[in-house]
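Feature annotations, courtesy of TrEMBL:
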type	residues	note
DOMAIN	1-251	domain 'SPX'
TRANSMEM	303-324	transmembrane segment
TRANSMEM	344-366	transmembrane segment
TRANSMEM	391-412	transmembrane segment
TRANSMEM	424-443	transmembrane segment
DOMAIN	507-697	domain 'EXS'
TRANSMEM	570-588	transmembrane segment
TRANSMEM	617-634	transmembrane segment
Amino acid sequence: MHSSEREFLEKADEELEKVNTFYATQEAELLGRGEALIDQLRILADVKRILADHAATRRARGSLLGRSRSMPAVAPPSPAFSGSGRYLLSGLATPQSMSDGSVELQQAQMTEGAAVADEVMAALERNGVSFVGLPGKKDAKKEGSGRGGRLQLPSTVRIDIPASNPGRAALKVWEELVNVLRKDGADPAAAFVHRKKVQHAEKNIRDAFMALYRGLELLKKFSSLNVKAFTKILKKFVKVSEQQRATDLFSQKVKRSSFSTSDKVLQLSDEVEALFLKHFAGNDRMVAMKYLNPQQPKNTHMITFLVGLFTGTFVSLFIIYAILAHVSGIFASTGNTAYMEVVYHVFSMFALISLHCFLYGCNLFMWKSTRINQNFIFDFAPNTALTHRDAFLMSASIMCTVVAALVINLFLRNAGASYANAVPGGLIVLSAGLLLCPFNVFYRSTRYCFMRIMRNIMFSPFYKVLMADFFMADQLTSQIPLLRHMEFAACYFMAGSFRANPYETCTTSQQYKHLAYVISFLPYYWRAMQCLRRYIEEHDINQLANAGKYVSAMVAAAVRFKYNVTPTPFWMWMVLISSSGATVYQLYWDFVKDWGFFTPKSKNLWLRDDLILKNKFTYYISMMLNLVLRLAWAQSVMKIRINKNETRLLDFSLASLEIIRRGHWNFYRLENEHLNNVGKFRAVKTVPLPFRELETD
């Protein structure tokens with residue numbers, strides 16, 4: 001055997017050892033996660049069974065007591081099962097309930113509550129869940145016997161649901177307050193298991209099963225692909241070297257490897273599938289596989305056809321509109337100023353939305369071409385996530401509808417119709433209605449996801465910040481002109497200005513100017529609040545530094561607003577200083593933190609070690625383009641002398657360039673995130689489990 005052949009086998013043996021080690025590590029992690037998850041499901045099933053049994057007992061006892069009374073009376077709610085859906089675990093009546101009803105009913109309620117508490121505590125203890133301040137049942141009963149026969153039980157059962165929204169946060173704060181009061185010797189009657197918490201726990205466990213199943217499927221694919229890879233490599237090695245005996249020995253070693261022979265992953269996968277089928281799918285296999293193994297919808301040529309149809313229609317209508325507008329003379333310096341104000345704001349608003357959708361489609365196309373898993377990064381369901389064709393269809397249909405509305409509006413205006421200005425307003429109402437439409441048309445899942453993310457952004461920092469949330473908030477920081485156009489449209493149409501007042505009402509009033517100032521820094525405020533929320537949860541100092549970037553942008557926006565009001569040399573210098581500082585801050589964060597460039601001792605000059613695009617020159621061009629477009633604010637201090645229509649065109653062009661810069665930024669941001677996930681072997685999300693073992697006090 002030649003030295004080169006021996007070296008090849010040694011290298012192959014090293015790679016085989018790496019594969020074995022990685023497989024063994026991932027297998028042990030998944031098996032441990034599966035064992036913990038099955039215990040969680042057992043706890044959940046016990047709690048649900050106990051609560052359901054006692055709910056049925058309570059209803060039966062209530063009907064018997066109702067028939068035994070000579071006069072009808074309304075029984076107070078049981079402390080074990082209150083009408084609000086809270087199941088009290090202490091079995092103790094509140095002071096109000098002790099003063100109402102008969103002694104027998106109160107004793108029955110206390111007995112029932114104690115029984116519920118005992119069974120729930122026992123079920124959880126069987127599955128290894130501890131409690132805060134657990135004194136032991138015997139001691140608790142002795143202590144309770146010395147207090148008028150009242151049963152003193154351990155403290156509240158902790159179902160650990162992350163405080164991802166204001167409701168969960170308030171519930172968590174209340175429970176912490178209850179725990180503090182209980183430690184101080186207060187009445188423990190407030191300890192409860194809330195029905196909604198049980199529902200949240202069930203949802204978390206279901207999501208954890210889905211993530212576990214995906215991890216098991218990926219590990220099975222890893223095993224089969226590596227077996228196939230080693231087989232093909234050895235076949236080619238035999239053809240080249242004719243070392244049949246050495247190849248057979250290595251092939252046997254591959255077959256005996258743990259990643260090739262272990263069936264633990266396969267068994268756990270079957271068990272997870274069976275449990276999910278039983279507990280979460282009602283024994284319906286099609287429903288179970290819809291959750292466990294969602295399939296992407298098949299691409300059809302209809303979407304491509306519609307994209308072409310709407311694009312061609314948009315181009316034709318735009319040419320017609322341009323000809324009609326030129327003939328009418330509305331673009332001339334002596335044209336209808338009021339019409340131009342309305343058309344400019346409405347058209348710009350929808351055009352900027354359409355451009356952003358188009359660039360998002362380009363992002364989706366590039367991410368798919370470079371195998372960047374954006375659905376995993378954003379936690380989107382594969383069967384409902386948008387494709388690049390869908391994004392192009394949304395962009396083309398929006399622009400086609402808008403230009404058609406402008407053509408109709410111009411026809412009505414030239415005909416002297418008094419209600420011509422209602423057409424743009426009707427277009428806005430139609431768009432809002434389509435966004436809120438409850439029917440499953442025009443990408444309902446995407447529309448609802450968008451509204452949910454916007455709610456999370458607007459109520460920052462009260463909602464947990466996910467990748468999709470702060471990614472969308474970053475998009476909003478590039479859409480400040482769009483928000484300004486929406487402000488004008490809301491003022492002009494919703495306030496009835498197009499009937500009673502001239503359009504100057506929405507541009508000259510002090511309230512309008514102050515609102516414009518607020519809108520200019522509102523996206524930056526939301527993004528800063530998200531950074532503070534992440535700092536509180538993750539204790540990452542980089543989040544505070546990131547919040548500082550958005551604060552500097554707010555300061556720069558405020559100074560530019562002041563300069564527009566009082567254009568003095570002093571404020572011009574203040575604009576240069578504040579905007580330059582904010583730009584340097586933003587460029588540093590773009591290149592170093594968001595894109596991961598300027599890595600020390602990188603093999604790629606000024607870049608990072610791992611690059612997805614093959615041509616490194618593309619990255620340098622992108623850096624220069626981002627630098628130039630970040631300096632667009634400089635036109636605010638240049639005071640270019642142009643007419644009103646040219647000013648509108650310049651503003652629209654600068655807004656479009658900022659959106660192009662953001663679409664360009666999006667690709668590299670997700671490229672860096674994808675490479676970080678690959679480097680840390682993150683392929684499935686980690687779902688927090690609701691029943692957590694707690695240390696006793």
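These residue numbers are counts, starting from 1, taken along the chain as shown.
Each Cβ is built from the backbone N, Cα and C atoms, and glycine gets one as well.
Because the structure is a prediction, the values reported are computed rather than measured.
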Same-chain residues at least 6 beyond the ends of the transmembrane segment (391-412) with a Cβ under 8 Å from one of its Cβ atoms are 303, 306-307, 310-311, 313-314, 317-318, 320-321, 324-325, 328, 330, 343, 346-347, 350-351, 353-355, 357-358, 360-361, 364, 419-421, 423-424, 426-427, 443
Which sequence-distant residues neighbour the transmembrane segment (303-324)? Criterion: at least 6 residues beyond either end, Cβ under 8 Å.
389-390, 392-393, 396-397, 399-400, 403-404, 406-407, 410-411, 414
Can you work out which residues elsewhere in the same chain, 6+ from the ends of the transmembrane segment (344-366), have a Cβ less than 8 Å from its Cβ atoms?
372, 374, 386-392, 394-396, 398-399, 402, 406, 424, 427-428, 431, 475, 479, 481-482, 485-486, 488-489, 492, 648, 652, 655-656, 659-660, 662-663, 666-667, 670
